[in-house]
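Colleague: Just dropping this structure here.
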Amino acid sequence: MQFNIPTLLTLFRVALIPFFVLAFYLPFVWAPLLCALIFVFAAVTDWFDGFLARRWKQTTRFGAFLDPVADKVMVAVALVLVAEYYHSWWITLPAATMIAREIIISALREWMAEIGKRSSVAVSWIGKVKTTAQMMALFALLWRPERIVEGIGVAALYIAAVLTFWSMFQYLNAARHDLLEP
C-alpha cells in the first residue's frame, strides 16, 4: 500500500486523538483552548484531506475507509469528553444521541454497500449542516472561555442533535424498501 499526502493527513488526525484527550485533562488554564484548537485542526484536516485527494486524484480505498472512521472517532471522543466535563443529562443525552446515530448510519451504509446500493445513503446536505453545527458546538464546549460561549455551544449542540435525528430518519427512509424487504 502506498501512502499519499491525503492519507497521511487522515492518519495524522487519528494520531492526534491521544493528544486531544491529554490536552483535555491538562491542569492548566490554557488547556481548554489547546484542546479546542486540536479539535479544530483535526476538523480542518478532515476537510483538507478529502479536498486534496479529489483535487490530486489520489483517492484510495484505504483513504475512503479511514477518513470517515477518523472523523467519527474524533467526534465521538469529543462528545464523550464534553459529556464527562459537564456531567449532566442535558449534555449527555444529545451526545449519546449523536454517537448512536453515527453507529446506526455507519452500519446502514456498510449494509447498503454490501447489497450494492451505497449511493442511496450518500451524504446529504443535512448531514453537512449537522456536521457544521456539531463542530461549532464541540469547539465552544471544549474551549468554554465564558458563559456566553458555553450557551452558544449548548444551543449548537441541540441544533446538531435535532439535525442528527432528521438526517438519520432521511437515511433510514431512503433505505426503507431494502430494510423491510423479506
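Glycine too: its Cβ is placed from the backbone N, Cα and C atoms.
Sharing the features that Swiss-Prot gives for it:
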TOPO_DOM  2-12  topological domain 'Cytoplasmic'
TOPO_DOM  38-60  topological domain 'Periplasmic'
TOPO_DOM  82-86  topological domain 'Cytoplasmic'
TOPO_DOM  108-145  topological domain 'Periplasmic'
TOPO_DOM  169-181  topological domain 'Cytoplasmic'
TRANSMEM  13-37  transmembrane segment
TRANSMEM  61-81  transmembrane segment
TRANSMEM  87-107  transmembrane segment
TRANSMEM  146-168  transmembrane segment
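Help me see these features in their spatial surroundings.
Modeller: Tertiary neighbourhood of the topological domain 'Cytoplasmic' (2-12): same-chain residues 45-46, 48-50, 52-53, 56, 58-60, 62-63, 66-67, 70, selected by CB-CB distance under 8 Å and a gap of 6+ residues from either end.
Within its own chain, the topological domain 'Periplasmic' (38-60) has Cβ neighbours under 8 Å at 1, 4-7, 9-10, 12-13, 16, 19-20, 23, 67, 70-71, 74, 78, 135, 138-139, 142, counting only residues six or more beyond its boundaries.
Remote same-chain partners of the topological domain 'Cytoplasmic' (82-86), defined as residues 6 or more beyond its termini with a Cβ less than 8 Å from a stretch Cβ, comprise 24, 92, 95-96, 138, 141-142, 157.
As a whole-number mean, the pLDDT of the topological domain 'Periplasmic' (108-145) in this prediction is 86.
Long-range contacts of the topological domain 'Cytoplasmic' (169-181) within the same chain: residues 104-105, 108, 112, 115, 117, 120-121, 124, 126, each at least 6 residues beyond the stretch ends and with a Cβ under 8 Å from a Cβ of the stretch.
Below 8 angstroms of C-beta separation, residues 45-46, 49, 66, 70-71, 73-74, 77-78, 81, 85, 139-140, 142-145 of the same chain, each at least six residues beyond the ends of the transmembrane segment (13-37), sit close to that stretch.
Only residues 6 or more beyond the boundaries of the transmembrane segment (61-81), in the same chain, are considered here, and those with a CB under 8 A from a CB of the stretch are 1, 4, 6-7, 10-11, 13-14, 16-17, 20-21, 24, 35, 39, 42-43, 46, 49-50, 53, 95, 98-99, 102, 106, 134, 138, 142.
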Colleague: What counts of helix, strand and coil residues does DSSP assign across the topological domain 'Cytoplasmic' (169-181)?
Modeller: 11 helix, 0 strand, 2 coil
Colleague: Can you work out which residues elsewhere in the same chain, 6+ from the ends of the topological domain 'Periplasmic' (108-145), have a Cβ less than 8 Å from its Cβ atoms?
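Modeller: Contacts of the topological domain 'Periplasmic' (108-145) (Cβ under 8 Å, skipping residues fewer than 6 from its ends): 24, 32-33, 35-36, 39-40, 43, 75, 78-79, 81-82, 85-86, 91, 98, 152-157, 159-160, 163-164, 166-167, 170-172, 174-175, 178.
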